[in-house]
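> Pulled these from TrEMBL:
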DOMAIN    1-272  domain 'Plant heme peroxidase family profile'
SITE      ARG7  site 'Transition state stabilizer'
DISULFID  CYS13-CYS18  disulfide bond
DISULFID  CYS66-CYS268  disulfide bond
BINDING   HIS138  heme b binding site
DISULFID  CYS145-CYS176  disulfide bond
Amino acid sequence: MAASLLRLHFHDCFVMGCDASILLDNHGDIISEKQAGPNLNSVRGFKVIDEIKYILEEACPLTVSCADILAIAARDAVALRGGPRWKVWLGRRDSMKASLDGANQFIPAPNSSLETLISNFNEQGLDIEDLVALSGGHTLGKARCVSFRQRVYDIEEKRDKYKRYRTFRRILRSICPDSGRDDAIAPLDFSTPAKFDNHYYINILEGNGLLGSDNVLVTEDHEGEIIKLVWAFAANEELFFSSFAKSIVKMGNINVLTGLEGEIRKNCRFVNPYALARK
């Protein structure tokens, strides 16, 4: 579940900030972000968060927010897979609303252009180094065929006139036909799929990134600034780890609710009843 827990934190922070809005189910006026295109049949790990929250509520009722749980779980998931550890700022409170429109608008799509990715990250106060470092989270996890089909059939054929990446493309086509099998999955990092390391950058330099949005870091960087970072992270894992930790802490502070804003949910899937809304 490591990649899923990391992704939950990312998808949460890019919509209204790091406020656990992604965990809310449909209820009353709330339309869940889980139904958004980037999340539907894709994000998971909700039961793990439920279990953590249950244990915390037994020990310390209405004390630790769901948003803080997401931030800590993401850090521990990365560390347990061989990645860096970092200090997690605490004190976030939980949103009392969700934004389906925001989830559809602000979470980067797997076929995004580089220009779109830069714009998405800038919208959240994140810069190019944050984009490149956080993209390295794709060293873990898997993606559905529907997320990388376009990269395999439409884009790569046109760019690969010297047929350097034919073997990789053949592997992907065996997993993901040009129609059907939308839910077939492939690892984001074919080299070391279960380990948090810097192989993601080596892969995209070789043209072996799974998603279109991975490969554009190299193929669409006409200024050269992003490619320099990709080469640096590919050559120096410690540099990648320190940059990733710095960027995810920065991401974890996007539009957080503190003080009397929001609430601390008793159940991460639902806003508290009024009687529980204040500790």
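Any Cβ shown, glycine's included, is placed from N, Cα and C.
Unlike curated entries, TrEMBL annotations are predicted automatically.
On this model, are these features tucked inside or out on the surface, and what's nearby?
The average per-residue pLDDT of the prediction over the domain 'Plant heme peroxidase family profile' (1-272) is 93, rounded to a whole number.
A 10 Å cutoff on Cβ-Cβ distances gives ARG7 (site 'Transition state stabilizer') a total of 24 other Cβ atoms nearby, all chains included.
For CYS13 (disulfide bond), applying a Cβ distance below 8 Å and a minimum sequence separation of six or more within one chain yields GLN124, MET251, GLY252, ILE254.
There are 23 other CB atoms within 10 A of the CB of CYS268 (disulfide bond), with all protein chains counted.
Counting only same-chain residues at least 6 apart in sequence, those with a Cβ under 8 Å from the Cβ of HIS138 (heme b binding site) are LEU188, ASP189, TYR200, GLY209, LEU210, LEU211, ASP214.
Here the Cβ of CYS176 (disulfide bond) has 24 other Cβ atoms within 10 Å, regardless of which shown protein chain they belong to.
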> Pick from CYS18, CYS145: which of these disulfide-bonded residues has the biggest number of other Cβ atoms within 10 Å of its Cβ?
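Of the disulfide-bonded residues CYS18, CYS145, the highest Cβ count within 10 Å belongs to CYS18.
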> Between the Cα atoms of CYS145 (disulfide bond) and ARG7 (site 'Transition state stabilizer'), what distance do you get, rounded to the nearest Å?
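A Cα-Cα distance of 18 Å.
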> Within 10 Å of the Cβ of CYS66 (disulfide bond), how many other Cβ atoms can be counted across all chains shown?
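Taking every protein chain into account, the count is 30.
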